[in-house]
Amino acid sequence: MAGVGTPCANGCGPSAPSEAEVLHLCRSLEVGTVMTLFYSKKSQRPERKTFQVKLETRQITWSRGADKIEGSIDIREIKEIRPGKTSRDFDRYQEDPAFRPDQSHCFVILYGMEFRLKTLSLQATSEDEVNMWIKGLTWLMEDTLQAATPLQIERWLRKQFYSVDRNREDRISAKDLKNMLSQVNYRVPNMRFLRERLTDFEQRSGDITYGQFAQLYRSLMYSAQKTMDLPFLETNTLRTGERPELCQVSLSEFQQFLLEYQGELWAVDRLQVQEFMLSFLRDPLREIEEPYFFLDELVTFLFSKENSVWNSQLDAVCPETMNNPLSHYWISSSHNTYLTGDQFSSESSLEAYARCLRMGCRCIELDCWDGPDGMPVIYHGHTLTTKIKFSDVLHTIKEHAFVASEYPVILSIEDHCSIAQQRNMAQHFRKVLGDTLLTKPVDIAADGLPSPNQLKRKILIKHKKLAEGSAYEEVPTSVMYSENDISNSIKNGILYLEDPVNHEWYPHYFVLTSSKIYYSEETSSDQGNEDEEEPKEASGSTELHSSEKWFHGKLGAGRDGRHIAERLLTEYCIETGAPDGSFLVRESETFVGDYTLSFWRNGKVQHCRIHSRQDAGTPKFFLTDNLVFDSLYDLITHYQQVPLRCNEFEMRLSEPVPQTNAHESKEWYHASLTRAQAEHMLMRVPRDGAFLVRKRNEPNSYAISFRAEGKIKHCRVQQEGQTVMLGNSEFDSLVDLISYYEKHPLYRKMKLRYPINEEALEKIGTAEPDYGALYEGRNPGFYVEANPMPTFKCAVKALFDYKAQREDELTFTKSAIIQNVEKQDGGWWRGDYGGKKQLWFPSNYVEEMINPAILEPEREHLDENSPLGDLLRGVLDVPACQIAIRPEGKNNRLFVFSISMPSVAQWSLDVAADSQEELQDWVKKIREVAQTADARLTEGKMMERRKKIALELSELVVYCRPVPFDEEKIGTERACYRDMSSFPETKAEKYVNKAKGKKFLQYNRLQLSRIYPKGQRLDSSNYDPLPMWICGSQLVALNFQTPDKPMQMNQALFMAGGHCGYVLQPSTMRDEAFDPFDKSSLRGLEPCVICIEVLGARHLPKNGRGIVCPFVEIEVAGAEYDSTKQKTEFVVDNGLNPVWPAKPFHFQISNPEFAFLRFVVYEEDMFSDQNFLAQATFPVKGLKTGYRAVPLKNNYSEDLELASLLIKIDIFPAKENGDLSPFSGTSLRERASDASSQLFHVRAREGSFEARYQQPFEDFRISQEHLADHFDSRERRAPRRTRVNGDNRL
């Protein structure tokens, strides 16, 4: 049974519950039930917990008891609810008799904001209980997503407040509030700032209630954004100041705004405007004939999804557009659908198929290999990716194929199976898919492919087909043999290389081909196991306290320790506003082996003794004799949850007071080291990740000096009171900061790895400093003044795609290597790439490549077509290598072999395996390759040239018959619409260009083509799909699991039609004269100009610890001649409600039928690098005009909660010379606006609608009709053109 969560495409699904039933369901779920939770971790046994729905926040929570919530998920993130034991979490306990729940008592919730969803696997006490949860949650899912924005804000505010107010006391401290605002991307400069903005404090404790918090939020949002250039704001703000609730926007004023500024034709109907306002506000006190907005509510509306720039009317499928042949559509297509991550070690998963199909994907791939018991398995052959059963995949496809869309699904079969297993495949196709499987043509007499409407709810097989009358035979393949295809590798897997600095062994991915050994940069040895990382066992529970921030060790002798503790607590609590119960623990000065708990209460520091004693040889800790703990950590943890009780008070331990000087004993800290001395030390450690921290001369200032990308860099750290600041990231201490960046990248991909001091230099330092790490020179010993810097030619690697804006610029893709770079001032460099010499490119789009290490003899000449692609670190020529096993092992590794090259004196590479068997197999195969390299390559080419096909499988192929691409057949009678061809992106690039693009488009008008990523994209990255789309390729297959720009463009393309997976290509592309790369060939299309101002944003996501400094990049992507991008300035330290200065951006578009408007929000970090925050991408033809919200999505194209931009956008047709037509949409809209203004001015003066006001109303009506006629005529001339000011219904 398919899960619920997405309505069936044909309207089927559970019937909607009645209002009374909904009320009963919500009450029952709010009370909650006890259910058994099955974990995804192998180490955790199933547990019974209380599950409840928190209606105020729209969350599911679970806990052992009533006091503490252990976990929660947002209902808005739920994608699907499945009845039964339909997750792997249940499978782990199949052999355990204690956990064999009835199928009917179980259900699974799938949720998340990424491609790979998380699971909540539950066992209820009865089938009725399961039905209650599924029915209730299904209703709540839809209701939560459809809720008006003010209600969503209310739920979000309560969620933030309750995350701090865990005891539900309806109060939080000012320190909690400051931390909370930081978490939502708003910088609070100091506590005074908060106190000035909060009113009605409870003076006794200084706590803040939810009402005060909500009012503060409303005030912060409005006061920060009242300066935006918006209708109503300028005059009303002058009148009301900081009090937006003193100014009301009436129904009539709001109606005029919708008509005059937004071009909303439906707003002519006053009753519709009234109905909209009531549904948006949902305020019982304003359910009156003349509802109104307060000024801040109007601004909230402008940022809301109800005011989206996207015309939601286009979300519906238009059946009339589904009658063309399949070859006239773009079809949403997935590559290696079964993978959840990279191409060499990730997990193959049934869930990946379900997820893709539910995202509207209509062409999925099955990579089939011979498996056990005569049935194929699916995985990425000859790699470490896990395997799934072919039969299980078919059942998953059957369940999910037509949930999101009823239009046909194409199964692209990559067949590596024997004849016998092919026959079993065919049998299972028929058995499992039944009537949905297409086995005969829709119309034998047709001269083209059938339409999506003709193939509704059908599944098509794409597979090679035999000639008529053959039982089986060898057929030619359309794919050339390549030893660089990882599927053709002789062996691949994880081996280990020793780090020459710390002598630890780190995993690398190795690939052995018929002539070479390739190995990757450091990778993860995890082979895609679905389990979460197992928690590490503590070395000893009695020592757990030593790493806690509240433990300060010995603070001083005698009473000094007491005085120091009192000073630390007093300074911390006064400066930060920390609440009562803030505490630290120190070693007792008086009683050896005991400790002292010092805490803050009512403005004073108090102390109590923590006793210790030995009990049967193990220490015990207690405050009172009747409650004893096994460790100091357990005691403190207990009193953080349960109050300390005495005659005078009850109080929980609340906030730990961090150590301020713990860094002084760390190996990386240097109290008196100059910048020059630090650089000299780091020059002797030629490894990225080497670092130290030094005290600077300025007060309360430090610096981290580190190596990254072969260079030495520095960044400042500032102590501000009790907080340590790195850029705009806050930490409690230097120790916390360093600990964080040992786990997370500090600069690009570099993590702090090797702490450097004199002792470390003696062990790992080189004799000669690497001066090239400090200056741009490459000659050791070459030393120059830092300013001016000499220019040296080097190589750089592209961080992003770049398309030339002028003839003297380079065009390149991400990861391209640009050679002979000459650095120039002004942010532009020159270099060689793609056969072009010394052209310009922006320097911030690239990073300089590090000098090749001595351990990589061929690093300078890396093969860009290697099977490891961008992951490649080194490559060795096997015939030139000698292999020797090291029987004694090396540095705690038992299974080690060495690779040496006689041609390179004194060079060898030590490689470790996980087992003796693995070592022997690698050594054996490498030696075999060394002896037979040339013969093996020839044999591989011969074997791949022809392939045997089973008749039973061939008979299932009706329309999608892959054949080698023959350019000579295009446009001739030999071209058959049932034949199709597949291309790796590298081969497709030979046809999607100015020379052959028009010819390839001609091919695609009749036949299907499928394009897929090149095999070297082992990181599952994607290519740019735009050139393939504009040349008519229908099946542009992408890695759906990868959150990159190509997938975001793919999601945008299929927005129209509600992600049904089929989008009709513009009629222009079916014009024989149309050339995809020549704008002069456009006929029947008017060019248009888009004018955009970015005004502000709300609720931007965070990226790491700091407050973001956002800027917005606006891009038009489409035909090559239309693509361009511009960007705003960045706003300092504000991701909650930033505002940008008014600056119009203009984009001229010649082909608006194939154009996308893309917004990307980046933050600029302390190194001036740009980091992705959010994005939104739309087809230009679906945009609305006026003051519009741009709802933002994450990199997986999932909606971010409440995140949006506010823009002012206008779209108008333009002649070639840029002049406006006198009857253009803009001119007509201006006339309509003038008529609207006159009408409202008359009504405002007189207050009634009498005969003498008939003329202004008639002028308004006529202008609106002219505007509508203008669009109708344009729609007739060019179907589905960009609407300038169409019926923009909310």
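Backbone N, Cα and C define each Cβ position, glycine as well.
The active site annotation in Swiss-Prot covers H335, H380. The Ca(2+) binding site annotation in Swiss-Prot covers D165, N167, E169, R171, D176. Positions annotated as domain 'PH 2' by Swiss-Prot, on the basis of sequence analysis: 489-523, 895-931. For 668-756, the entry in Swiss-Prot reads domain 'SH2 2', with the evidence type sequence analysis. The domain 'SH3' annotation in Swiss-Prot covers 791-851 and rests on sequence analysis. Annotation comment: Swiss-Prot describes 953-1070 as domain 'PI-PLC Y-box'. The domain 'C2' annotation in Swiss-Prot covers 1071-1194. For A2, the entry in Swiss-Prot reads N-acetylalanine. Residues or ranges marked as phosphotyrosine by Swiss-Prot on the basis of similarity to another entry: Y506, Y771, Y775, Y783, Y977, Y1253. Swiss-Prot lists S1221, S1227, S1233, S1248, S1263 with the feature phosphoserine.
This view paints the features noted in Swiss-Prot onto the structure.
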residue: D165; record: Ca(2+) binding site; DSSP class: coil
residue: R171; record: Ca(2+) binding site; DSSP class: coil
residue: D176; record: Ca(2+) binding site; DSSP class: helix
residue: H335; record: active site; DSSP class: coil
residue: H380; record: active site; DSSP class: coil
residue: Y506; record: phosphotyrosine; DSSP class: strand
residue: Y771; record: phosphotyrosine; DSSP class: helix
residue: Y977; record: phosphotyrosine; DSSP class: coil
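For the domain 'PH 2' (895-931), the partner stretch with the highest count of Cβ pairs under 8 angstroms, out of 489-523, 791-851, 953-1070, is 489-523. Put simply, of the recorded positions H380, Y506, Y771, the one whose Cα is nearest the Cα of R171 (Ca(2+) binding site) is Y506.
For E169 (Ca(2+) binding site), the count of additional Cβ atoms within 10 Å of its Cβ stands at 9 [all protein chains shown]. Taken residue by residue, the domain 'SH2 2' (668-756) breaks down under DSSP into 19 helix, 37 strand, 33 coil. Cβ neighbour density within 10 Å is lowest for Y506 among the modified residues Y506, Y771. Annotated pair Y771 (phosphotyrosine) and H335 (active site), C-alpha to C-alpha distance, rounded: 46 Å. For Y506 (phosphotyrosine) paired with D165 (Ca(2+) binding site), the C-alpha to C-alpha distance reads 43 Å. Using Cα positions, the member of the recorded positions D165, E169, D176, H335, H380 nearest to Y977 (phosphotyrosine) is identified as H335. Using a Cβ-Cβ cut-off under 8 Å and counting only residues 6 or more beyond its ends in the same chain, the domain 'PH 2' (489-523) has close neighbours at 344-345, 382-384, 483, 685, 687, 690, 753-754, 764, 855, 863, 866-868, 871-879, 881, 890-893, 899, 909-914, 918, 921-922, 925-926, 929, 933-934, 936-937, 940, 1018.
Sequence-distant contacts (6 or more apart, same chain, Cβ under 8 Å) of D165 (Ca(2+) binding site) comprise R171, I172, D176, Y210.
If you take the Cα of E169 (Ca(2+) binding site) and the Cα of H380 (active site), they are about 54 angstrom apart, rounded to a whole number. Shown are the recorded positions R171, H335, H380; of these, the residue with the fewest other Cβ atoms within 10 Å is R171. Taking the domain 'SH2 2' (668-756) as a whole, pLDDT averages 89 in the prediction.
Against the domain 'SH3' (791-851), stretch 668-756 shows more Cβ pairs under 8 Å than any other of 668-756, 953-1070, 1071-1194. Applying DSSP to the domain 'SH3' (791-851) sorts its residues as follows: 3 helix, 30 strand, 28 coil. In the shown protein chains, 18 other C-beta atoms lie within 10 A of the C-beta of Y977 (phosphotyrosine).
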